[in-house]
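As recorded in TrEMBL:
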type: ACT_SITE; residues: B:83; note: active site, charge relay system
type: ACT_SITE; residues: B:158; note: active site, charge relay system
type: ACT_SITE; residues: B:182; note: active site, acyl-ester intermediate
type: DOMAIN; residues: B:26-471; note: domain 'Amidase'
């Protein structure tokens, strides 16, 4: 099979996503008062309604309607004031009523969009932007200095209920094939679910991944879901088809499932694009089918072929009156809309002079953005905030994120952003970057101080004091060390002067060693350059 | 022989309890005995709930002993029976279907709970057409109920058991449900007061659904006042049914007002309808004259789209039923055909054997009508017809307070007399449009038909949420025709000999 970048030269991929999010932050289910709780004993959070017992009736959860309206406002959707619930009829044991309550042609949220900033290597998959200058647009794409912005349409976001969870026993790895028993846990049945459907506006697996990442950040920021792709509270299906470059028709699409991480979403789509290209290039036919991404085997396999469209016999749910949202309700929800991650990133860049890269990484997690905001608020109260922004951003992006990615709490050390920020308070963070700015410690020493702050729950200044880590910046004291190093290595000095300038690292290292790591590298570098020059 | 408790009115029972002439426990035990003796002939009851009745009775007696009888609700000490599509914790709720032959309710329907809260003695569960699909109770998987007025004839349906139990004097009050006429038509066939309130007056929570947008619960009794008292107990907003509405009306309030000044609509097209028998037509005319004589003003009103109601109903009803009955799949409860290796064949066999022919017919009809390509041809136009019929009624009620009409085109027919399903469907030709529009309707007994000698009810139709209007008109007719008698073969404690 050819590589993706080669395939995309000949073929254009047309990708649309269907993204389900469970509204896990709500207390109760969509149509009954049962508690929402992940991991409870099977079938302990059930009642006649979510078990679909004869005679039971649904009552909509108002908080869930608020959540979906919030999601719609955050993704630039029109909020439909008048919409209805529908019954989607199909028989399967995980759906106790044998119909799913969902929405019809008019969903609560219609016609939205998200703009994706694509730059760096991610922009490389898009090969059709040649000849486009920064600021120029083609289709849904606008060129930027270092990449492009893709305008991705959102068809709708509708409200529905989740099904129960099936567990198959006796077969391999919980699969239904070969199973002797199937068990159903209805704790999840009736969990409020919102499904976002994009327009087929995505063209590369990177765009799909970025869309999903951006949407996840938004959902986390507005607090409607924990968005755990592993636990399935955020799930993504992809529809993909190919067409020859330069043509506008639509090819037959396949639907891809089981892309339960950003990597799997990208890799699954990339594989599927290459697979379809190979089939088409060999004169074959793409069948409309549902395919399962197997991340271990790194390929997609057929789940089922859709010979005819499923007939779900959709009709208006007679047990639920049409839903009329008032302006007052919608404006009340709008008032709860927080500053969204991409809006924050723009503000960070404008207000603090951060690079787009730094700003984007700061807002990647709600915890890091909140922490950064708290630091800057505190800094503004004291010294000039903007001066701290870049070193603070580095601290958060490199040290904090690096720590969180490598600590799972199994050794008893703090884990997760919550664990880190419980010890690295905004005041301590400012103190730490202040120590570096004042040349009291080197940035290398700062890493050690950071580790100690987290490990010992100590103030940075106290760590510096306790470990005698004061950086030596006094030029006189350092000059003596520099002279000593140069005198001890006359041959290397000769080589350096002969053009082997790479030896500068050796001299710096020797000086650092002689100052027990406390010499200010900046001063050392300056003196070395002066004396060797 | 003295009147049995089942022959007494609600007020009579409560007066006796207040005067300590008898206890609620005696009422419960005597009623259970009476059912044991007389129901073999009628087969109104599918089960009696002796323990529940006696437990409720002891609560009523305890209250009476403390002088708190008046604090209990409007049904204190009154034996009440429930159509077997109503959930009552610990009882079987079968819907007269093999599918639910052994299904035991783990919760209680709101309408049932409200009767219990009002002091009722839950005496048992009543036979019906399977899942309420029928007009004769002949589709019950557990055998038909017989009409107490003539055991060779049907009691009507689908709430046939609820109607027959009251007509035979076994209990003073029962509850039924009405999707296209299932309260009113058996009420007419059995000669008792039968009320289908406006959609939304009574909660549907816990009543096994047939057509969710059409179903409504209502009472059967032998007097208008008893029906109104029962309605007082069960009506009103229920947080568990979001289609239920607030209702703080005392339905007994204007029963004594008489018909003076009441504007009564008569629909000429109904009176001239093909299939309306002469004896029923004569009775409706007699009722109209009686109301006029009592001071009512008769006004002709038109319901131009009413003739399309039957067609719309046999689209909307089966569509909703198809979906509502999908849950009976043999997996969690209900009949499960044994020995199947795969889910598909278990579904198929369990539903084929668990459901009777009429249920299967409606499920298949609904499945077809909702399928892609067919939906737009039937379901959507049916909803449009629904809007037109609703407007017809609203227009008519600009001119009148209540409409007088036939309930059924004829009196109770003999078992097996109607075999063709579509002919059976015509039993509901005068009742269906009221469910389509959603307003209230009731059957009021006005004596026996001249030709068959069987009871005839006239239908009184009220504007939405003005159910008190029809109860007032019914009370005026009751003044003329008298309260509904117990069927002669069961009067004075007789057991149908």
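One is the number of the first residue shown, and numbering goes on along the chain from there.
Placed from the backbone N, Cα and C atoms, the Cβ positions cover glycine too.
TrEMBL entries are annotated by machine, without manual review.
Cα-Cα distance from residue B:83 (active site, charge relay system) to residue B:158 (active site, charge relay system): 9 Å (rounded to the nearest whole number). Taken together, the residues in the domain 'Amidase' (B:26-471) have a mean pLDDT of 97 on the 0 to 100 scale. Note: the Cα of residue B:158 (active site, charge relay system) and the Cα of residue B:182 (active site, acyl-ester intermediate) are spaced 5 Å from each other. With every protein chain in view, the residue among the active-site residues B:158, B:182 whose Cβ has the most Cβ partners within 10 Å turns out to be B:182.
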